[in-house]
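A.B. asks: Sharing the record's features from TrEMBL:
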DOMAIN    11-320  domain 'Acyltransferase 3'
TRANSMEM  12-35  transmembrane segment
TRANSMEM  47-71  transmembrane segment
TRANSMEM  92-111  transmembrane segment
TRANSMEM  131-154  transmembrane segment
TRANSMEM  161-179  transmembrane segment
TRANSMEM  185-207  transmembrane segment
TRANSMEM  219-236  transmembrane segment
TRANSMEM  242-263  transmembrane segment
TRANSMEM  275-297  transmembrane segment
TRANSMEM  309-333  transmembrane segment
Amino acid sequence: MTSSPPSARIEWLDAAKGACLILVVLYHTVVYIFLNSPLSDTLSFKVWQIMVVGLGWLRMPLFFLISGFLAHSAVFNRNWRDVFQPRIATFLWIYLLWMSIELGFRAFLIANFDPALVPGNVPFPLGLDDLARHALVGDTPIWYLYALVIYFVACKLGSRHIGLTFALIALLAVFYKQVIPTQHWNLLSLAGNAIFFTAGCYGKAYVERLASQFNGMRFSLACVSAIGLLALGRHYDAMGLPGANLVVATCLVIAAIDFFTLLARRYPLRLLCTLGRHTLSIYLLSFFIINIAAQLISPLQLPALFAEAFVLFAPPVLVALNAVLCIQIYSLLNCHLGRILFSLPSRALTK
């Protein structure tokens, strides 16, 4: 295989990030707007639900693999002093700040609108102890930022013993469902995705080799394996077995790398790349827009035919509008004192 030029690798990476971001917003749109609505009785909703749930084995694993890939240099080539501010302090600041803003916004919606349409309204944190607990266990829609800090620190601490560190995190990925109760979705997410960040970070050279050239046989085998294993796991109720999720997600991630490598070689992926470069803004702001949309759309009572058509076309339209609004809001907020919303105050105020 011949190595692709750096620009091609960056393009597929940004495009994959953009696609993952779309899938995250699509999932939140389908679940938080339509699940608790009369519109959930439609066939269109059931199709969307199957799709977004099935893609759950891809969106965050691929997202974290890319994040680990991009963190490789900071883990191996920079000291703790150099990485503390950009990789740890900044993400923790944004995480804690936006978690507080998001909780306050949800409290406002619960107090003034229909609380049944507000995601995660029960139990709601009331005191500092509750806030601290939510922050420590990542019980928030923006848990991804918290995970980035935890995974980065773990990879850097274990960078002198790569084999041992990877083996321990792999064991966690295999058995986490047997250890963590199913109601703790946040802890399950943190434990289950660590292996992909670690693989992207420690296995950067291998990811580069995968992305150097599209391999049709590998792509087909990965797709067939993922679909077959997922079908068997669903049929025999075996997806809770140790390692089942890991194997399916790994197959899908390998297929996705091949897929975006092929796309990047054949087509200009400007839109996906643009979205991939606006990950932070869309990730932070999209949930607010979804919460507002849920109050407006979820109560709708439509005739059967109109309901089917509406639910069929509404999710992608809402995702597109959400992304555009997020980018516009970010451009308005990220100036002057507003920069502290997206960066450490010490860095934001010196720009």
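Positions of Cβ are set from backbone N, Cα and C atoms, glycine also.
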A.B. asks: On the 0 to 100 pLDDT scale, where does the domain 'Acyltransferase 3' (11-320) sit on average?
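C.D. replies: Here the mean pLDDT over the domain 'Acyltransferase 3' (11-320) amounts to 94.
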A.B. asks: Please work out which recorded stretch in 47-71, 92-111, 161-179, 275-297 has the most C-beta pairs separated by under 8 angstroms from the transmembrane segment (219-236)?
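C.D. replies: Stretch with the highest Cβ contact count: 47-71.
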A.B. asks: Of the stretches 47-71, 92-111, 185-207, 242-263, which racks up the most C-beta pairs under 8 Å with the transmembrane segment (161-179)?
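C.D. replies: Between the stretches 47-71, 92-111, 185-207, 242-263, 185-207 has the largest tally.
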A.B. asks: How about long-range neighbours of the transmembrane segment (242-263): same chain, 6 or more residues beyond its ends, C-beta under 8 Å?
C.D. replies: 4, 12, 15-16, 19, 57-58, 61-62, 65, 173-175, 177-178, 192, 195-196, 207, 210-215, 218-219, 222-223, 225-226, 229-230, 233, 269
A.B. asks: Any residues 6+ beyond the ends of the transmembrane segment (12-35) with a Cβ under 8 Å from its own?
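C.D. replies: Result: 45, 48-49, 52, 55-56, 58-60, 62-63, 66, 69-70, 119, 141, 211, 256-257, 260-261, 263-264, 269, 271-279, 282-283, 286-287, 290-291, 293-294, 297-298, 311, 315-316, 318-319, 322-323.
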A.B. asks: Quick check: do the transmembrane segment (275-297) and the transmembrane segment (131-154) share at least 3 Cβ pairs under 8 Å, counting only pairs 6+ apart in sequence?
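C.D. replies: As far as Cβ distances go (cut-off 8 Å, pairs 6 or more apart), the transmembrane segment (275-297) and the transmembrane segment (131-154) touch.
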A.B. asks: Quick check: do the transmembrane segment (185-207) and the transmembrane segment (131-154) share at least 3 Cβ pairs under 8 Å, counting only pairs 6+ apart in sequence?
C.D. replies: yes
